[in-house]
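Take a look at the structure set out below.
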Amino acid sequence: MKYFEFTFHTSPCTETVNDVLAAVLGEAGFESFVESEGGLTAYIQQALCDENTIKNAITEFPLPDTEITYTYVEAEDKDWNEEWEKNFFQPIVIDNRCVIHSTFHKDVPQATYDIVINPQMAFGTGHHETTSLIIGELLDNELKDKSLLDMGCGTSILAILARMRGARPCIAIDIDEWCVRNSIENIELNHVDDIAVSQGDASSLVGKGPFDIIIANINRNILLNDMKQYVACMHPGSELYMSGFYVDDIPFIRREAEKNGLTFVHHKEKNRWAAVKFTY
């Protein structure tokens with residue numbers, strides 16, 4: 001297959017901007033992404049490339065005061081998903097208890113929980129601070145026989161770990177069709193059951209739950225907007241873990257959560273990224 005290589009320059013160039021840009025571009029047909037100096041490099045099949053769609057995605061970019069420009073060239077004839085996986089996705093060990101790797105990795109470190117994923121983008125692999133923060137929470141808390149919702153599941157790495165630790169039943173939801181397909185593949189790779197994957201946003205939560213545990217690793221604006229729907233799926237004693245934002249954003253998250261009846265428990269941080277825990 002023939003691909004285009006797009007180079008996107010973002011201002012400000014932050015991890016949050018690049019994360020959201022990758023999600024937006026994924027909906028526009030892009031398959032693989034590599035963070036680069038000044039922005040993001042992304043690959044899309046030439047047959048699927050619609051420049052009007054790309055321009056509209058940039059025009060409607062959800063983060064205000066962000067400038068995005070791009071150039072593109074015809075990429076060399078190679079499998080860019082495979083290229084990214086082999087050159088940029090390396091095994092990662094979290095808290096000395098959980099190792100995340102792909103099927104092609106050799107000499108993988110041993111850990112209590114061994115998760116195999118075949119991602120096709122640089123998010124949801126465990127390398128990003130927000131993912132590793134939530135993984136740490138899942139490792140530190142009792143999950144056995146607790147129902148769990150993974151909202152904005154991405155690769156479903158969090159739901160897979162939760163299921164390995166005894167959570168059941170588990171539901172994983174993402175708005176992106178690619179994430180749903182990749183989640184199903186990763187769940188099969190890890191031979192876990194009782195994880196139902198579906199496509200949707202917070203509006204799809206109507207009639208679901210209540211859940212003992214909800215995890216949502218998305219971004220600040222979506223979390224603030226969808227908090228009420230999360231709380232509607234909780235019962236007294238339910239736990240809500242959220243990440244995808246910076247430490248400076250915690251007051252905004254906490255204010256909205258407490259307005260909806262949640263109690264702040266704690267926060268953890270890594271390289272300015274934060275994860276918070278609330279109970280209902």
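Using the three backbone atoms N, Cα and C, a Cβ is placed for every residue, glycine included.
Binding of S-adenosyl-L-methionine is attributed by Swiss-Prot to THR131, ASP174, ASN217, and within the candidate set GLY152, GLY166, GLY207, GLY237 the record adds GLY152 to that site. Within the set THR131, GLY152, ASP174, ASN217 that the record links to S-adenosyl-L-methionine, no two Cα atoms are more than 15 Å apart, and one pair reaches that distance.
Cβ neighbours within 10 Å of THR131 (S-adenosyl-L-methionine binding site), excluding its own Cβ and spanning all shown chains: 25.
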